[in-house]
Amino acid sequence: MQRLAMDLRMLSRELFLYLEHQVRVGFLGSGMGLSLILGFSVAYACYYLSSIAKKPQLVTGGESFSRFLQNHCPVVTETYYPTVWCWESRGQTLLRPFITAKPSVQYRNELIKTADGGQISLDWFDNYNSKCYMDATTRPTVLLLPGLTGTSKESYILHMIHLSEELGYRCVVFNNRGVAGENLLTPRTYCCANTEDLETVIHHVHSLYPSAPFLAAGVSMGGMLLLNYLGKIGPKTPLKAAATFSVGWNTFACSESLEKPLNWLLFNYYLTTCLQSSVNKHRHMFVKQIDMDHVMKAKSIREFDKRFTSVMFGYQTIDDYYTDASPNRRLKSVGIPVLCLNSVDDVFSPSHAIPIETAKQNPNVALVLTSYGGHIGFLEGIWPRQSTYMDRVFKQFVQAMVEHGHELSSM
């Protein structure tokens with residue numbers, strides 16, 4: 001209660017100071033106007049602190065992983081304070097790309113060949129100025145996987161690289177085929193069920209730095225791909241640990257949620273046009289196997305996947321593809337420590353589809369579930385420009401695994 005009172009006073013003071021600068025001086029000059037604003041501020045602060053600001057739910061399959069996170073990644077047990085004027089799911093989701101800063105990052109691009117004759121674009125941040133890990137051969141490496149149509153330019157990727165730079169780590173961003181400006185050499189793109197390209201990238205990066213601690217972090221579809229890979233390969237991976245953010249656990253549930261009228265209007269249709277744009281750039285590569293005119297008429301992600309993705313990767317039906325793409329089916333087989341951050345109000349990943357019971361059966365898995373945060377939102381503070389709750393989880397977890405990961409094997 002003492003902490004609650006302290007938070008209440010602090011939030012009331014911040015609200016008052018904000019209003020003092022925004023509302024007309026004439027209105028504030030009257031005693032009644034000031035009383036009304038202060039009364040509203042206190043009432044809103046009480047509601048916010050009692051109903052919005054909450055500690056996340058931590059679900060683990062083993063007591064040792066839970067203790068490890070509490071000791072070395074305390075952010076997962078601390079109260080998450082969503083931005084006081086924007087805590088609703090859709091607001092958080094829509095606002096994040098526009099309000100958060102984009103740190104400047106200089107990449108080194110590398111194109112690697114695939115077994116089918118294609119190529120994958122990797123963007124490296126080598127961190128040559130690392131003071132903590134001056135030896136490049138042992139400098140920790142973090143592989144980053146962006147979302148559905150994302151690239152190394154996404155703000156959440158840039159933030160992860162900036163935080164990794166502070167820790168002295170090296171980063172490499174895996175851009176899915178055909179989305180980062182490179183030529184498509186074969187009639188094949190990507191999907192979150194097929195892990196062949198990710199396996200190629202992981203093998204390549206590990207072969208370059210076999211002595212360096214190797215971790216991975218995937219966001220949205222990138223996290224789905226990462227979990228599907230880990231579920232398929234089990235413990236036989238060079239990765240030391242992994243983290244995922246705003247993963248869609250059940251593709252059927254995700255699609256159903258995004259097809260609700262408001263969600264379709266705000267998110268689904270826009271993402272569908274992004275997918276269409278990304279494949280239309282390489283239209284000449286697909287015309288022999290796919291009806292591209294039909295693809296370009298799709299009005300939802302499900303329609304796009306039915307007409308393009310499922311055909312591209314040889315699935316008989318869209319249901320077959322969506323079943324294979326859902327990472328909840330493979331979570332029980334994950335063989336390395338994985339932290340998964342989701343918000344239960346995420347319209348991209350409905351809370352009822354989060355595999356809580358499955359996670360409880362795997363000692364390598366930890367789910368961190370916040371009450372608010374939206375999809376890749378997790379904004380916090382009055383003006384969330386520089387950092388988000390998701391950023392803090394990422395930084396603390398990768399640092400914990402690099403510096404203290406050995407403790408898990410001895411627990």
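Just so it is clear, glycine is given a Cβ too, placed from its N, Cα and C backbone atoms.
The active site, charge relay system feature in TrEMBL is assigned to S220, D346, H375. As annotated by TrEMBL, domain 'AB hydrolase-1' applies to 140-381. Sequence annotations record features per position, and here TrEMBL assigns transmembrane segment to 25-50.
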Rounded Cα-Cα span from D346 (active site, charge relay system) to S220 (active site, charge relay system), Å: 11
Alpha-carbon distance [D346 (active site, charge relay system); H375 (active site, charge relay system)] in Å: 5
Local Cβ density at H375 (active site, charge relay system) - other Cβ atoms counted within 10 Å: 26
Neighbour tally for S220 (active site, charge relay system), based on other Cβ positions within 10 Å of its Cβ: 27
Number of other Cβ atoms within 10 Å of the Cβ of D346 (active site, charge relay system) across all protein chains: 28
